[in-house]
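Okay, structure first, notes after.
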Amino acid sequence: MEYKISNRLRIGAIVLIVLGLLGVGYGFIDSHQYETVEDVKELLANESHHDTHANEEHAEEVHEESHVSDNIGEEAHGAEHAEEGHGMSHEEHVLHQIHNRPYSALYIAAFFFFMIALGVLAFYAVQYASQSGWSPVLFRVMEGITSYVLPGGILVLLIAFIADSHLFIWLTDGMTTEGSDNYDALVAGKSGWLNKTGFFIRGLIFLAGWSAYRYFSRKFSIAQDNADINDNRNFKKNFRISAAFLVFFIYTESMMSWDWIMSVDPHWFSTLFGWYLLAGMLVCGVTTIAMIAIYLKSKGLLEYVNDSHIHDLAKFMFGFSIFWTYLWFSQFMLIWYSNIPEEVTYFVTRIEDYNLPFFGMIVMNFIFPLLLLMNSDYKRINWFVMMAGIVILCGHYIDIFNMIMPATVGDRWFIGIPEIGSILLFGGIFLFIVFTALGKYPLLPKGNPFIKESKNFHY
Amino acid sequence: METSKVIHAIYTDDDILMSAVKKVKAERHHIEEIYTPFPVHGLDKAMGLAPTRLAITAFLYGCVGLTVAITMMNFIMIEDWPQDIGGKPSFSYIENMPAFVPIMFELTVFFAAHLMVITFYLRSRMWPFKKAENPDPRTTDDHFLMEIAIHHNEDALLSLLKGTGAAEINIVDKEEDAH
């Protein structure tokens, strides 16, 4: 049951990282070919003459859907622009958006892979807190994935630190100084919470708490393996810290979602945003557990993971996908229905400028898993779960994309080299760290008191 | 009314029942019916019953419910008395669709759940005022009863069942058209 990261996988991960770095580097260089407002004027003039491909596509999509938001679009959009305007010319605005794009691409991919690890950590804690009997054979897989929580979290914070106002408009100089050109009363009102020092202190506290739990739960889990057969002290400790962690997590996860994601649109807020992000995290986490378990199983490892375990994971994929949709829709419908300009701009931008990713994501994250994973038998077919998993992960990447990009780059988005490069970069780092961690200890947590139940688990 | 002889083998434990079922099936006897006080996991597979098609009916009922919801809301809110929904007087179903999603969802679930339960009862030949088919009231408490029809193989069956740990074996006349 020992696993060692294979050379092929290690080299593959390094190749991904190198390719990713090249892509990210290209993204930054490419965005800086527009240095001045004059460059942008030229670009805009070119675009209006011969419509670029991207714009063409856009215009059509917007047209199809424009009737949805016709009556609300005008005033809402107007309001948003007035707020953003602040004496900045359109060209200067576009220049900022072009410069923001590689930072946003980097941040989205970093957060996406971090969120997978964090979702698995929460799922793992739930398994301990509920003393569940079906999952212990998968614990080492989960522990392998959660090894990315600390490095992934540090990377996210680091990018946030470097990107500064490229990502978080509330960090722009003078936003909170009265009389400044950039002064924004709403952001100034929130500056008690939204300030750089607070942001990073909170970020470090969240990360410290999560990785402390991850460190100790892993330690006790390993210690339980080597303990005497009747000695369940380490398991009990794990039970207690897992319950405590879940309380800590549900508060900090919510605050993290306001800080790291929702604050890119500092005027807009949604009270269920934390839940919404949590649902996405859990889907991605469970999907990744299932995919890595299937991969290891195909290598002849994890002999005790049977069809029923995969079936249960697929049920969670299905269930959490529905849960995600429920929250997504709850957020959307209330804002759509009440039609308050400050709130509804959020969705107007997304429907007008991000039509394809916005609606495509719902198809990928809801309709696709709903139809594919509804049948009980399909949940046991490994390649089926694998394919559904890939679509779900892509769908949730686009979900994060839709959270960040509209705020930072507006309609100047594309999933091109900077975005794909960032995915490759963080995907490579993720694979490297996770599979190295998987190779450190035996894949069967043999000392877990529920291990026999888990081995014999039968649905 | 035609009568036929059946064997009633009574067990007191579901694990013993399961192994008995496997032995009887291995000898290629046909088990008419098994009466249990609670659903025994895996019994249907051991008996060789065809998988249930109830899930398919549930899906179809759900589709019916969704259609009913769409038709109903379209008639009520759009055609019969056009409503200005959320300050967006478009009077089109598709544009006001988000407002109808909760109703569409609820009626889908309502139809699927209720009609599936009714289907399940009818398929199990259960309806109001029906006389119970259950041959032995103890199977509603803590006993398990396996019913096997006898076709000139009484002795072979009796010796087989005795070896399976049955607590009680009775041979009874059964009215063929009782159900």
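Each position is counted from 1, following the chain as shown.
Every residue gets a Cβ built from N, Cα and C, even glycine.
Here's what TrEMBL has on this protein:
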- A:49-69: region 'Disordered' (REGION)
- A:12-29: transmembrane segment (TRANSMEM)
- A:105-126: transmembrane segment (TRANSMEM)
- A:147-171: transmembrane segment (TRANSMEM)
- A:199-216: transmembrane segment (TRANSMEM)
- A:241-261: transmembrane segment (TRANSMEM)
- A:273-296: transmembrane segment (TRANSMEM)
- A:316-336: transmembrane segment (TRANSMEM)
- A:356-374: transmembrane segment (TRANSMEM)
- A:381-401: transmembrane segment (TRANSMEM)
- A:413-438: transmembrane segment (TRANSMEM)
Legend entry - CB contact flag for the transmembrane segment (A:147-171) and the transmembrane segment (A:273-296), at least three pairs under 8 A: no
Legend entry - Spatial neighbours of the transmembrane segment (A:316-336) far in sequence, C-beta under 8 Å, 6+ residues away: 123, 270, 272-273, 275-276, 279-280, 282-283, 286-287, 290, 343-344, 346-347, 362, 365-366, 369-370, 373-374, 379, 385, 388-389, 392
Inset, instruction - Test the contact criterion for the transmembrane segment (A:413-438) and the transmembrane segment (A:199-216): 3 or more CB pairs under 8 Å, pairs 6 or more apart in sequence, then answer yes or no. - result: no
Inset, instruction - Using a Cβ cut-off of under 8 Å, list the residues of the same chain at least 6 residues beyond the transmembrane segment (A:199-216) that approach it. - result: 118, 121, 125, 146-147, 149-150, 153-154, 157, 160-161, 168, 237, 241-242, 245, 248-249, 252, 255-256, 259-260, 263
Inset, instruction - For the transmembrane segment (A:273-296), could you work out the same-chain residues 6 or more beyond its ends whose Cβ comes under 8 Å from its Cβ atoms? - result: 3, 112, 115-123, 138, 141-142, 144-145, 250, 253-258, 261-262, 302, 305, 309-310, 313-314, 316-317, 320-321, 323-324, 326-328, 331, 365, 382, 385-386, 389, 392-393, 396, 399-400, 434, 438, 443
